[in-house]
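Taken straight from TrEMBL:
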- B:D11: active site (ACT_SITE)
- B:D11, B:D145: Mg(2+) 1 binding site (BINDING)
- B:E72: active site (ACT_SITE)
- B:E72: Mg(2+) 2 binding site (BINDING)
- B:D145: active site (ACT_SITE)
- B:165-189: region 'Disordered' (REGION)
- B:180-189: compositional bias 'Basic and acidic residues' (COMPBIAS)
Protein chains: 2
Amino acid sequence: MASAVRILGIDPGLTRCGVGVVDVRADRSATLVHVGVVRSGADLPIAERLALIARGLREVFAAHHPDVVAVERVFAQQNRSTVMGTAQASGIALLLAAEHGLPAATHTPSEVKAAITGYGSADKLQVQTMVARVLRLDALPQPADAADALAIALCHGWRRGAPSGSAAAGALTPAQRAWADAEKRATRR
Amino acid sequence: MASAVRILGIDPGLTRCGVGVVDVRADRSATLVHVGVVRSGADLPIAERLALIARGLREVFAAHHPDVVAVERVFAQQNRSTVMGTAQASGIALLLAAEHGLPAATHTPSEVKAAITGYGSADKLQVQTMVARVLRLDALPQPADAADALAIALCHGWRRGAPSGSAAAGALTPAQRAWADAEKRATRR
């Protein structure tokens, strides 16, 4: 088996912070390592909520030893009532990556959707379906935050390792084929 | 000397994160303990910047042992280009408070300005002038982020310990007098 990069994807949030760990190999094939959600109660003070998120994320770092961390980028234009909490949770995720000595990257929702489905405005179901297919899962990852975290991890693995059109068309894995199709669709827009 | 509460005020930011530590007594008088700014270079990756902010804040916690932490609240409506970084830095500040087992509060900029100057739309110079007067400083605190951090700390100390109009008018300390004058000016607007 080719050596793989272990990627921790994080979909930041206060109420539900999605975490997904995947191994991505040079041939773009990927394996599920862990998927879950770190939660904090909306009735708790904000500092306690952030501490719960940090504790849950630290457990994932400790249990799965990722090589790199990818976090969904938050924009001020998004849903106002929760965006500040989401930004704070993303800050915690990025801090923990740095404190574990790991490289961290951020990807926008559009980048993630385009990488996974080939379409930057894909809906949640399209993303979940594609994530399940790439990782050969029997069921769609639930909840959506967990699926999003896996999508972020896959996006990062594929973007960082992307060979510049070097893959032989006849030797594509299913994941590579999906990726190539997605790229073609994206190019046509 | 009456027992004091030691308050760490934090004006969150990535480029400059203001920190101010004050001791506030039950009679509203206050003493400067520490004021400074934790910086991170705009050329660094976001995760490294947040780690530098966290390290600088941890040094302040370790050196000055605050009893409580007050952080300026960030709103999505503020300056868009920096608001996400500010929110992330505020998340770090609140996390560190929780991880030190300290209560943490947030105050809006208007609450801080109203508490310090009696006027929720006061400008920076008014806030700095009042902070310097209350803390009996020879010069205005610089930079503005440092002064803001002191203002947040004072705001928290005064709001939390605020006696309901119990101070005898004839026995005001200089800080109380400044406060009372500020309140009178605010009422006249």
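Glycine residues also receive a Cβ, built from the backbone N, Cα and C atoms like all the rest.
Rounded to the nearest whole angstrom, the C-alpha distance between B:D145 (Mg(2+) 1 binding site) and B:E72 (active site) is 11.
Cβ-based neighbour count (10 Å, all protein chains) for B:D11 (active site) stands at 29. Residue pair B:E72 (active site) / B:D11 (active site) shows a Cα separation of 5 Å. The Cβ neighbour count for B:D145 (Mg(2+) 1 binding site), using a 10 Å radius and every protein chain shown, is 24.
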